[in-house]
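Taken from TrEMBL as is:
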- B:2-141: domain 'Aspartate/ornithine carbamoyltransferase carbamoyl-P binding' (DOMAIN)
- B:51, B:52, B:101, B:129, B:132, B:263, B:264: carbamoyl phosphate binding site (BINDING)
- B:80, B:162, B:224: L-aspartate binding site (BINDING)
- B:150-298: domain 'Aspartate/ornithine carbamoyltransferase Asp/Orn-binding' (DOMAIN)
- B:318-349: domain 'Aspartate carbamoyltransferase regulatory subunit C-terminal' (DOMAIN)
């Protein structure tokens, strides 16, 4: 049984295959309808995310499959104090594949340890959101025709933005990509992400304004500055308008620019920009359905086993207060050493 | 692409065709199962309405189609501040047809301007609810065999009751219909509705008691006096029992009377009346499924374009505080002139 | 039309047939896919119960059918003051079979009196939960191969636990079964349940510790001590850990013991016990899907009528404050006499 917790669970060949298959499905969807007839997708959404949930549901229905699930832990057994393990154990018997979204980091990994069916991580707190990145890759393949030699601007919350980090980690596998990091000083990308780029065959440049960056870009990846990531409302209000894309700034952009956004947008992109053909973020959401169709088909065909990295250290406690091991205390405490020899939690990847 | 925002979007021939098709589907439902195999209905319910939502869902499932959607904006992206446009833009790519319910007047029209698939208005605040009226027409056709030359009593909240207004607007197209308006002075029908009747080939009469009206009727359309339409609880309590239908009053009614009610009922009809064969309101709810099946099939077959009436007046602001343009400020301000030359908002139809 | 309100609605032959069919379906599920193509299950959940609801949904989908329903009365017409009758009347026209869960005792019976399709009781307050018991029987048949001559330990809340009472009532029909009742003095089984056992060909024994009981058992049925059943938090905290099953106690158990639990578990079973092959509670949840598939197929094949016991006593009021007749005041007041001649409410079975 194969799970998708992190995009790293796939080899670069596998990832390529999934991306190309997605493009093919989008070209000939009728050829795939009925492929999963009689199969059930369980969507366990421990926090609301309509778009992601409906994207998964649409993907499954377009393959001829069916759906069960919940989107509100208040109306589920969770409200009776049930732990993650028991819910996953039961529903993974009902369903053939599960997409799980959870506010705790490492929750999808924890689910995969006990599941009787493949688990797809549909977002675990601020940690990972691999199907968004898969969506981004499929969108780039569709719009650009290739994933290498692209100059990609990343704008907004580069400090906490998991979609940004995840996209970088995927794109460094393709030669000649360059990342233009556009953010305020407070929301700059973490050092370990810079190290990851430097260790690859790619490069990066930090630019503090959209105006300066735009002329150089093939792709602009905009992100929402999430209110919940800020310490105070004042801080949020101060930052949110700084990196707003509007029709005036768009005049500086090349004609073949692709603007991506994981959505939901709040006001980091002016609504008038939507009418610009370079705005592909709504198309991107649609590509996400085909990305997930391709992923589900791939996952259900695999016989290989996804295992957990590292070893059990019964005495160690993860230092990340948002880690799933904090609330689900029965979880065995796995830790692994990263390239620099630092101990990391096998669930949430937090460094010691 | 054709939308159904208002019943006026259909010609009277089109409407007739949909009504007759609904009757035919109800007679031979098996002939229509599978007609929409592989198609998806999105139900975007920004306010709760189980019956309407389940009616649409049942209609789609009985055609062999599938369903995605939400019924609780608190668990959707809406809670992250997403605007109507973005939600509709994305989901209309996932779905083949959308039914939208929204508390703001004109919301369905606003949705139709950006949607990539047909939009069906499943209720926009106190403004329109065309599929309820379609259900009423299908019920009358079923029970009476024709839509003309009927004497129709309308009882309850005639001032705010959108289902009453909408039914009148549809029935005036058929010759010889007469409306008996039964309400307290405070909940009497608005003058512009009286004008609409007078401008048609139909007539109306105002009667202040059910007892006096009942002997004259072919059809009695009862409506709920909605608590939320009143300024105070006292005012609501004073009015709600005045026009209650009970078994005693039923003795005054003709044998072939049809009692309709859009449901949910609170206590404007005594429960003992349910056992009277003239009570057809539960059958009516069932006819609503076939009305919606017919509508969905019709909508998906059309290639014509539904457009917005009027022109953009960038400086004008709609005076209706419940209009969708108040919250979704990016909407272009369309206004049109009605027959009397008065400027009206193209979204919510409010007069200046 | 046949309903399942109480397991007593079935003869013992019928029950046997449903149990055996469930085992057969689980062995060859593919032979049953498509059996209910075009049919719709309505799940009316007036209180949250994800597992039960998803179990019903999965059962229907695995038969090729479809699903409508709600799991949150706050987003349904119920919030507009609609009574149970009207909701059931309408949805039972939309659906081919309904599973209803309601906090009031007797609600499913009340629903069955007005429904246009078969009603399955998916739990009515603390009263009945027949599909859980059906699940338990299917699990025992699967794991033990027979339902007779078993020594069954029942541990936890034997006073309020409806699943325990219901299992006993079913198992006394099979010869040679013995019940070992394991509970604190405060949560001991009610006297009328003891009488029911004594009037059958089965016997019981009361034992106050798990340690003493375990060596004697073929089956151990663990139950959650529900916080909501206790008068105070202190009382709950005092009791909940007393009858906790852990790996140490498991050493006293026979090798072929089967541990059942209706789930959700809180902490009455140590998580480490899950790895013991004798722990079959997760399998049990899975058997529940097949039990419900068998039940739905059976119910839809029947032409016999389920009627209400007893007669109408217009002046009598049920003394049970949790009875559905307290809130749904239009219900006709049916009462019947039990074997001892005591008057009982026909909805909630409360004795005078």
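Numbering starts at 1 and runs along the chain as it is shown here.
A Cβ is built for glycine as well, from the same backbone N, Cα and C atoms used for every other residue.
Structural mapping of features recorded in TrEMBL.
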{"residue": "B:51", "record": "carbamoyl phosphate binding site", "CB count, 10 Å": "23"}
{"residue": "B:52", "record": "carbamoyl phosphate binding site", "CB count, 10 Å": "25"}
{"residue": "B:101", "record": "carbamoyl phosphate binding site", "CB count, 10 Å": "24"}
{"residue": "B:129", "record": "carbamoyl phosphate binding site", "CB count, 10 Å": "25"}
{"residue": "B:132", "record": "carbamoyl phosphate binding site", "CB count, 10 Å": "23"}
{"residue": "B:162", "record": "L-aspartate binding site", "CB count, 10 Å": "21"}
{"residue": "B:224", "record": "L-aspartate binding site", "CB count, 10 Å": "23"}
{"residue": "B:263", "record": "carbamoyl phosphate binding site", "CB count, 10 Å": "24"}
{"residue": "B:264", "record": "carbamoyl phosphate binding site", "CB count, 10 Å": "21"}
Reduced DSSP assignment, residue B:51 (carbamoyl phosphate binding site): helix
Where residue B:132 (carbamoyl phosphate binding site) sits in the secondary structure, as DSSP reduces it to three classes: helix
Cβ-Cβ under 8 Å with the domain 'Aspartate carbamoyltransferase regulatory subunit C-terminal' (B:318-349): same-chain residues at least 6 beyond its ends: 83-85, 102-107, 109-110, 113, 124-127, 308-312
Structural state of residue B:162 (L-aspartate binding site), classified by DSSP into three states: helix
Subset of binding-site residues B:52, B:101, B:129, B:132, B:162, B:263 within reach of chain C (CB-CB under 8 A): B:263
Counts of helix, strand and coil residues, the domain 'Aspartate/ornithine carbamoyltransferase carbamoyl-P binding' (B:2-141), according to DSSP: 73 helix, 26 strand, 41 coil
Residue pair residue B:51 (carbamoyl phosphate binding site), residue B:224 (L-aspartate binding site) - Cα distance, angstrom, rounded: 15
Overall pLDDT of the domain 'Aspartate/ornithine carbamoyltransferase carbamoyl-P binding' (B:2-141), taken as the mean: 93
Euclidean distance between Cα atoms of residue B:224 (L-aspartate binding site) and residue B:129 (carbamoyl phosphate binding site), Å: 15
Length of the line joining the Cα atoms of residue B:132 (carbamoyl phosphate binding site) and residue B:162 (L-aspartate binding site), in Å: 10
Among B:52, B:101, B:264, which are recorded as binding-site residues, the nearest neighbour of residue B:224 (L-aspartate binding site) by Cα: B:264
Diameter of the carbamoyl phosphate binding set by C-alpha atoms, the set being B:51, B:52, B:101, B:129, B:132, B:263, B:264, in angstrom: 16
Pairwise CA distance, residue B:162 (L-aspartate binding site) versus residue B:263 (carbamoyl phosphate binding site), rounded so that it is a whole Å: 13
